[in-house]
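Enquirer: Just lifted these from Swiss-Prot, have a look:
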BINDING   Asp14, Lys36, 63-72, Thr122, Arg183, Gln192, 212-213  substrate binding site
ACT_SITE  Lys65  active site, proton donor
Amino acid sequence: MNNAINSPVIVALDNMTKNASLALADQLDPALCRLKVGKELYTRCGPEIVKALHQRQFEVFLDLKFHDIPNTTAQAVLAAAELGIWMVNVHASAGLEAMALAKQRLLDSDFDTLLIAVTVLTSMDNEALMQTGITDGLDAQVSRLAQLTKQAGLDGVVCSAQEAKTLKALCGQDFKLITPGIRLLDDNADDQKRICTPKQALNDGSDYLVIGRSITQAADPAAKLQLILQSL
């Protein structure tokens, strides 16, 4: 589809029903943004929600964060690609073998679906990491998993804007950085610990910006999207 190729904005359809998601999609221009379908919406609606968004000419980021043994992870990624999605993700902590196999399955089947990895969830901080047994800090863990992702041949990682400069230097300019936790200055932080404004994120090296409530809960989502794009 490639309609939104010049826009860095991915609108997150989080905490929404199928009807609400499609109503929002009908207010947005597929030339100005892509859409993210996460676990809740996909679990409620299945592949039909992706098909409905494709019918509206949107490119879709399927945000299911697959994390399983290598073959299961790879087959799940392949199944996602068969839906015609633009991008899908896995957890980097699934390991090098799982990530590399998933990428190879895409290549073997001639899919150009972008495959990215999640390093550390943006809701987590150093204390949360320590509770899981990772004691050398957030920055070290993010860098380690980003390098593992690059080694596996994936296209990029999900990361906070604060990590973008470091990861671009570490993994190269072609390594895509997808940044959630994007808020406007007058928004609440909600459940994200590491947040940033759209312009700051792009300046710091992010390639794509995942924006949810700022747009989805706006009185006029289309106008808010235009405002964000004009600010970049």
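Numbering starts at 1 and runs along the chain as it is shown here.
Just so it is clear, glycine is given a Cβ too, placed from its N, Cα and C backbone atoms.
Since this is a predicted model, take the numbers as computed values, not measurements.
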Enquirer: Within its own chain, what residues at least 6 apart in sequence put their Cβ under 8 Å from the Cβ of Pro70 (substrate binding site), listed in sequence order?
Expert: Ala94, Gly95, Glu97, Ala98, Leu101, Ala102
Enquirer: Please classify the secondary structure at Lys65 (active site, proton donor) using three-state DSSP.
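Expert: Going by the DSSP assignment, Lys65 (active site, proton donor) falls within a strand, counted as strand.
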